[in-house]
Amino acid sequence: MSDRSDPTHAIWQKVLAALTADDRITPQLHGFISLVEPKGVMTGTLYLEVPNDLTRGMLEQRIRVPLLNAIGSLDEAAGVSNFAIVVNPGIAQDAFAQHPEPAEQPYIETPTITAPTDNPGLPASPSRGDSRLNPKYGFDTFVIGGSNRFAHAAAVAVAEAPAKAYNPLFIYGDSGLGKTHLLHAIGHYAISLYPGIRVRYVSSEEFTNDFINSIANNRSSLFQSRYRDNDILLIDDIQFLQGKDSTQEAFFHTFNTLHDHNKQVVITSDLPPKHLTGFEDRMRSRFEWGLITDVQAPDLETRIAILRKKAQSEKLQVPDDILEYMATKVTSNIRELEGTLIRVTAFASLNKTPVDLALVQTVLKDLITLDEDNVIAPVDIINHTAAYFKLTVDDLYGSSRSQAVATARQIAMYLCRELTNLSLPKIGQLFGNRDHTTVMYANKKITELMKERRSIYNQVTELTSRIKQNHRYGKM
């Protein structure tokens, strides 16, 4: 932090005053400016430090002209005619450390919740172990490309300086493009930078279920502390709250409490705020307070890099020309791309053959011919799976834990994940309102079994072929 008695500080305050009065500086841009530390003046240049490349880029591009105008309005005695930017990641940590947590204040009670009597046994705040972060999703495993570069930079900046630049950070894009990965990566990176920081990841479905349970069990205090006693709240698939007025009200108060206490909120959605239906205007406006960025389908180079990274992480030996071939054939999303790699290598492992072009073409012949504009309905997947295993649809929706039914259900969940753009919570809803973690487990288990058991691999492959052929030709 700069010394307030330093002449440089006085110069910077005058620059800030001019920028504050400039209509071109939006609240979002003010967030970037708030991260700047003036360091000194040398030969007419005002040197400024920022915590990351994203902030430097914004200052040198979108804010450059207003900043030069503000410098031009200074007295000649200031001796400043230009500025230079230096990136110093250390000031992000300093800034966060210099803002201690505010004193505890009573929360405003959500109108739809009746507050229970205080229970001294309730935890005061979530522990680090309760963050619910996936250890596989870090910035080190995220592949950066033109389709996600800005979203990645924004996510890194938020982790380095929570609630300092853009709050909330709102990331939108189609399913399977890396939004959830970025949420978890923010949490992991922030924890590595600030030991003891309180981070919680939650899907909107989980938030809704917790809210409903808190009403049913008269545990509103626990619900509030779980989501409000955090330094960073990461909420996935906010569109799931569409039309859920009471849950939106609970989230509205949670958001306000965190924002008012300078705590970071990061939100993902399949649509930008202005296109979200079923939300009150006041909620959508809060989504737009900070930075809005999107992730798009990866280009060819990025798809190749994603496959290469996945092969390395799974210790799979796949020639580069094979990775390039797969990348040219699977273009829709990252999830399908990685699933294709797993299926190819599983086939090679089961047959004890090398991964070559002929093998890839054989495995993918029924997977890569479907027009990506044609969307497979999850009900078709469920119907085909039930018929294939000689079960009823109710068996797959039901609670039976017999091995035959459970395996069929897990395969159906896996195929819904692979062949549709549905989120984990929505797939869970299809299967008797199961939790999204059940879908995650099913996806992981079937992926592993395909590598180990030829019967499972053959079943998944044959089912996939039948589903796609039926979709293509319109017959069961």
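Each Cβ is built from the backbone N, Cα and C atoms, and glycine gets one as well.
Residues annotated as region 'Domain I, interacts with DnaA modulators' in Swiss-Prot, with sequence analysis given as evidence: 1-87. Look at Swiss-Prot and you will find 87-131 tagged as region 'Domain II'. Among the features that Swiss-Prot reports, region 'Domain III, AAA+ region' is placed at 132-348. As annotated by Swiss-Prot, ATP binding site applies to GLY176, GLY178, LYS179, THR180, with the evidence given as sequence analysis. Per Swiss-Prot, the feature region 'Domain IV, binds dsDNA' maps to 349-476; the stated evidence is sequence analysis.
Swiss-Prot feature annotations superimposed on the structure.
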residue: GLY176; record: ATP binding site; Cβ neighbours (10 Å): 23
residue: GLY178; record: ATP binding site; Cβ neighbours (10 Å): 27
residue: LYS179; record: ATP binding site; Cβ neighbours (10 Å): 25
residue: THR180; record: ATP binding site; Cβ neighbours (10 Å): 21
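Secondary structure from DSSP puts THR180 (ATP binding site) in a helix. Residues GLY173, SER175, LEU177, HIS181, LEU182, THR268, VAL295, ILE334, ARG335 surround the recorded ATP site, their Cβ atoms falling within 8 Å of the Cβ centroid of GLY176, GLY178, LYS179, THR180, which are themselves excluded. Across the region 'Domain IV, binds dsDNA' (349-476), DSSP classifies residues as 88 helix, 0 strand, 40 coil. DSSP places the residues of the region 'Domain I, interacts with DnaA modulators' (1-87) in helix, strand and coil in these numbers: 41 helix, 18 strand, 28 coil.
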